[in-house]
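Engineer: This is the feature table in TrEMBL:
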type: DOMAIN; residues: 41-184; note: domain 'Orc1-like AAA ATPase'
type: DOMAIN; residues: 233-300; note: domain 'ORC5 lid'
type: DOMAIN; residues: 332-461; note: domain 'Origin recognition complex subunit 5 C-terminal'
Amino acid sequence: MVVVVLGAPGTILRSVMRSKMTALLQQPGYEEERLQRVAEKLPCRDVQAGLLLSLMGQPQQYSFPSIFIYGHRASGKSHVLQVLLKELELPHATVSCVECVSVVLLFEQVLLSFFGCDAASLLPRSPSLSDFVRVYRQQCSQSPAKQTRYIVMEKAELLRDTDANLLPALLRLQELVEDNVTVILLSEIVWDKFRPNTGCFEPLLLHFPDYSKGELQQILSQDRHPSYSAEFYSSYINILLGVFYSVCRDLRELRHLAALNFSKFCEPLAEGKVKDTDTHKLWRNIEPHLKKAMQTVYLREVSSLQWEQMQQMEEKETGTVRGLSAHTHVELPYYSKFLLIAAYLASYNPARTDKRFFVKHHGKIKKTNFLKKNEKTSNHLLGPKPFPLDRLLAIFYSVVDSRVAPTASIFSQISSLVTLQLLTKVSQGDLLDAPKFKCAVSLDFICAISRTVNFEILKYLYDFL
């Protein structure tokens, strides 16, 4: 007996893939409809979801005490886990180690998710690990677990900076609290970087590999615009991956770039110049814009709207690609603006004038001593001079109108300014302890930046006294 199935090839392919994914997610104790919904929401991650579901086991059974999931950024770790927990309605507590800056917040978040506000209020002001275990066991005796509870620790690599006994205790929390609870650690680094020197309970390891080019093509093609066909959007994604796949395999970044440049890809089609099947002409139109977009990969200093405006202005003024420093409308983060202002002041002011400009109680300084007679040439005519990093930070903390701690965020913004070519590094590569920079922006540019933060920079420039 021969059965003939009529239908579009894409429909048949999708139904075959869906049945294959559902087969991988078969697990006793769960409804098939829920597993099918999970499979539809996890494209290209059916193998990892099936392995994780098999490790979790049936809801009523005891699961393994701890599971360590690792993989690069945007490889689907959090997404797969959250879809499984929410669609299968499993009790869980999601804890972000970035937001929980202390163990107190971590303990409160877990107790709040499992037992409510009353349980979290039982913790003392400065709870220890034993206090958390005691309160947890008390609440378990009142409301025992009917199915496995899951504690998800996102950005788990930050646990290495906490108390030495916290990570080993979390790995064997099931034994300490005598409850059916599993701790799942999500990290971007391997387990060998976690293992304490004193030893600990070894969790089960599950690796999430990077998406392949074909998998990225399949996932990104699902975000197609409703006004265009699936084949047209798939050809656009194929062109996009051909340009960016060698330098960027981050799904979130590629999705952002796809949404950002799709309107430019459709321009010839909207104007009636080409047909949707003429891929070569569409590629020739989008190629220069994709090359310019490569300059902003992983950089969100410029928003999507500003990037589109910059492209439009470049097309009106000139057809060449200009640097970001040529645009006075570039929007920078708040502290990056003050860092750029401080860099400009350090480049065009003599170092001996810093006390006069930036020290509040500097005493009386005579103008004859302050202004040397032999200095007749403007510093702006001589060009920017190099300055050390410590002088830049000293001026920055003086001009910024709020108290700022010297965190890694400030130093990363300096690196971003160098990447954007607003600052230039002039020191030798081996001088890591004392790098030197130059400011590479014009006076008009820095005045425009200063106006956005209500800072009168001309009052602090030596040439304008």
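Cβ atoms are placed via backbone N, Cα and C, with glycine included.
Describe the structural surroundings of these features, if you would.
Structural biologist: Secondary structure of the domain 'Orc1-like AAA ATPase' (41-184) per DSSP (helix as H, G, I; strand as E, B; remaining residues coil): 71 helix, 21 strand, 52 coil.
Across the range of the domain 'ORC5 lid' (233-300), the DSSP-based residue counts are 50 helix, 0 strand, 18 coil.
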Engineer: If you average per-residue pLDDT over the domain 'Origin recognition complex subunit 5 C-terminal' (332-461), what number do you get?
Structural biologist: 79
